[in-house]
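Q: Here you go, one structure.
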Amino acid sequence: MSQDNNFSQGPVPQSARKGVLALTFVMLGLTFFSASMWTGGTLGTGLSYHDFFLAVLIGNLLLGIYTSFLGYIGAKTGLTTHLLARFSFGVKGSWLPSLLLGGTQVGWFGVGVAMFAIPVGKATGLDINLLIAVSGLLMTVTVFFGISALTVLSVIAVPAIACLGGYSVWLAVNGMGGLDALKAVVPAQPLDFNVALALVVGSFISAGTLTADFVRFGRNAKLAVLVAMVAFFLGNSLMFIFGAAGAAALGMADISDVMIAQGLLLPAIVVLGLNIWTTNDNALYASGLGFANITGMSSKTLSVINGIIGTVCALWLYNNFVGWLTFLSAAIPPVGGVIIADYLMNRRRYEHFATTRMMSVNWVAILAVALGIAAGHWLPGIVPVNAVLGGALSYLILNPILNRKTTAAMTHVEANSVE
């Protein structure tokens, strides 16, 4: 097995852990993404002013709680999402969530590259293929340097996006008559509140399932909860507000489009580039960790390979794969639910990653994911929340029953090895 400073095959040592501020910037860099603005635009034009804020705050609170669980587990153990999955899915069984998580992140990376290149190409007249090649290369080179590079990039990007985007929103709202005029807007096609909540939670629950990949570098597990809450409850909410304000004022959800319409071309390119760069690098970093769990290769090398694939296929992914990626992403929330459920039941096993005896494949975990997907699809309520709870509850109920002998045997062996 190849080792690298991404610690893709074992826990992050205390000497490599980082402070809460650095991780907060990294996680905000993940959640500052154009797709959340687009969803915010949909909500802003489909809900009243007060219902919009209620949906955004409740939805992102639920998202924050979910990611906080995963962040706590990641920081407590120092393990990636994929190594955590070994405890519940089995060593080879964890390849399934790793393939699902890693594959979707490569896909979204390619989509993100195209999301930058296409509007910039239209605004400047530059060749879109050239923009894709250059931006994809820059993003791929950055991720090669691991969590430290992600931190530096996010420290630059997060304040820039917040300040420039905030200024643009202020101009847009003032241009339509101020906050009172914004409050007075009546939705032409009202959106059901439960659908709105599902859109908010669903906007980032796929990437949120990978929270442990980043927060495992935290020195304190309790502070990891704070990091996840700030990123998803505050950071994601800000993107929704940007999108809603832009859509209400100028009919454009992406803040970079609003800025171009305002004549702020260079700031728009900066905001769009940094916005996508930070999220894409996090996606590429996480994809490398996923495929490292399957292959045992260096996650650095795999991230670079994934970046090249995503860049080459960017336009095709953008034009043909978004619907498929969205479908695949619906299968991801139950994976997080199963990981959380197993940790709650067997947290002492997680203290000894190197010596813990694990199953090859735990079919109960895979069944629980399938039941979680079914719960999300068929049960009334908030789809991604139902999927997480369906996966977690199915695992909590079925695993002790169907794996009683196996669990007892592993617990006995581990108890003897600790003694």
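In case you wondered, yes, glycine gets a Cβ from its N, Cα and C as well.
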Q: Hey, in Swiss-Prot do Leu84 and Asp281 share a topological domain, i.e. the same side of the membrane?
A: yes
Q: Spell out yes or no: are there three or more C-beta pairs under 8 angstroms between the transmembrane segment (322-341) and the transmembrane segment (258-277), with each pair 6 or more apart in sequence?
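A: Counting Cβ pairs under 8 Å (6 or more apart in sequence), the transmembrane segment (322-341) does not reach the transmembrane segment (258-277), since there are fewer than 3.
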Q: Against the transmembrane segment (52-71), which of these stretches has the most C-beta pairs under 8 Å: 153-172, 258-277, 359-378, 381-400?
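A: By Cβ pairs under 8 Å, 381-400 leads among 153-172, 258-277, 359-378, 381-400.
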Q: Could you check if the transmembrane segment (153-172) is in contact with the transmembrane segment (101-120), meaning 3+ Cβ pairs under 8 Å among residue pairs at least 6 apart in sequence?
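A: When sequence-distant Cβ pairs are counted, the transmembrane segment (101-120) does not touch the transmembrane segment (153-172), since fewer than 3 lie under 8 Å.
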Q: So are the transmembrane segment (101-120) and the transmembrane segment (222-242) touching or not, going by 3+ C-beta pairs under 8 A with a sequence gap of 6 or more?
A: no
Q: Restricting to CB pairs under 8 Å, which listed stretch, 20-39, 222-242, 301-320, is in contact most with the transmembrane segment (258-277)?
A: 20-39
